Amino acid sequence: MVNAAAPSESPFLAACRGEEPDRTPVWFMRQAGRSLPEYKRARAGTAMLEACRTPELVCEITMQPVRRYGVDAAIFFSDIVVPVAAVGVDIEIVPGVGPVVAEPFRTEDDVKRLRNLDPCDVPYVTEAIGLLGKELGDTPLIGFAGAPFTLASYLIEGGPSRDHAKTKALMHSRPDVWHALASRLAAICGEFLRVQVEAGAKAVQLFDSWAGALSEADYREFALPHSTAALAGVAQSVPRIHFGVGTGHLLEAMSETGAEISGVDFRVPLDHAAARLPGKVLQGNLDPALILADEAPLLAATDAITAAGRAAKGHIFNLGHGVLPDSDPEKLKLVVDRVHETTAR
Ligand code: CP3
């Protein structure tokens, strides 16, 4: 028997705790961004990282999907590379490409370029979350960070990579350098999460977007200890969501980080994930491409996911990865309304 949540409780936070919310909560990874015309207007003329450092703009962009879709949680508008840029790494987000690092990290000496993050390095984060406190009302804010493996891949490759070859080569050739780099990143990510929680974030998500590129053995040896460390700092304070793409073979290993909620991408049915992860709350997992499909198949897929989610201890509806830039906001709204209507208790 699950405990029923108090009537005034946020459905998102109730689901995070494994209690029974009055409806299945829904939010979307990358809900704030290029699919929204109001986002494009707000961002015009401001570079991505500059936008992340402008509290009024961060507050406005974080609120846009909450107003438009009525989602059950807001995700803080920032980026996984913000904390590494804040400790002095020369990194840029190139439109249509992603993060690009001026001098990639390859050696022992490179690791020394990463110092610890101090809350004073990211005053704009604390300030933006303060502004959001007034705007959000009862809607909880999710803070986030990139996991050490995913961040290290950008730093080592110098930019986005399909095969993460230089990263894997370094791990195996110089495990000492790898672990030194990843543990520094874990400390930075952990502190970035802590700053957000201290400022008012009610949950956090660790994005290990590219962890699916690792075998289970490599994940356990080279990534798991550092993701566990990154999440440990906020363990007693807020629910923690952990997500990766193409991680069907890693679900059990990833759940060992201690995160209370496992993000599931669209390749693994939620009822299968529930059987493999007893006691975990699940988040996911509509294929983001379905938002571009016609209404009938989109609604059918949405209903199938809410049904499969009932096999889990708790379910937070989301996409199986981020909103695609060509998504029609009306279709996302349709999904939010459908989930709410079909799961109201
Ligand atoms: O809406 C939200 O989810 C909140 C904000 C958010 C952004 N990035 C804003 C953003 C979040 C949670 C992220 C996380 C992030 N950033 C991840 C993990 C999530 C995932 O998708 O797997 C990763 C891998 C990054 C690195 C990154 N930043 C990429 C690959 C890109 C896309 C580059 C491009 O233009 O195609 C970015 C830029 C970025 N981060 C944008 C946004 C809204 C687009 C930049 C723009 O609008 O100019």
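Even glycines carry a Cβ here, placed using N, Cα and C.
Fair warning: this is a prediction, and the values are worked out from it, not measured in the lab.
Residues annotated as domain 'Uroporphyrinogen decarboxylase (URO-D)' in TrEMBL: 25-34 (among others). Applying DSSP to the domain 'Uroporphyrinogen decarboxylase (URO-D)' (25-34) sorts its residues as follows: 0 helix, 1 strand, 9 coil.
Here TrEMBL flags R30, Q31, A32, G33, R34, D79, Y154, S209, H321 as substrate binding site. Residue density at R30 (substrate binding site): 17 other Cβ atoms are found within 10 A of its Cβ, drawing on all protein chains shown.
As annotated by TrEMBL, site 'Transition state stabilizer' applies to D79. Shown in sequence order, M48, L49, C52, I93, P99 are the residues of the chain, 6+ apart in sequence, with a C-beta less than 8 angstroms from the C-beta of D79 (site 'Transition state stabilizer').
Here the domain 'Uroporphyrinogen decarboxylase (URO-D)' (142-158) has a mean pLDDT of 98 out of 100. The domain 'Uroporphyrinogen decarboxylase (URO-D)' feature in TrEMBL is assigned to 142-158 (among others).
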Positions whose Cβ lies under 8 angstroms from the domain 'Uroporphyrinogen decarboxylase (URO-D)' (142-158), at least six residues beyond its ends: 27, 73-76, 78, 80-81, 83-84, 89, 91, 98-101, 104-106, 129, 164, 166-167, 170, 178, 181-183, 185-186, 189-190, 192-193, 196-197, 201-211, 214, 222-223, 226-227, 229-230, 241-242, 244
Cβ contacts of H321 (substrate binding site) (under 8 Å, same chain, 6 or more positions away): M29, V245, D265, F266, P288
Other CB atoms within 10 A, centred on A32 (substrate binding site): 24
Residues in the domain 'Uroporphyrinogen decarboxylase (URO-D)' (142-158) grouped by DSSP into helix, strand and remaining coil: 10 helix, 5 strand, 2 coil
Residues of the parent chain within Cβ reach of the domain 'Uroporphyrinogen decarboxylase (URO-D)' (25-34), under 8 Å, 6 or more residues beyond its termini: 10-12, 14-15, 40, 61-62, 64-65, 69, 71-75, 77, 142, 243, 316-319, 321-323, 325, 332, 335-336, 339-340
Those binding-site residues listed as R34, Y154, and which of them has the most Cβ atoms within 10 Å of its own Cβ: Y154
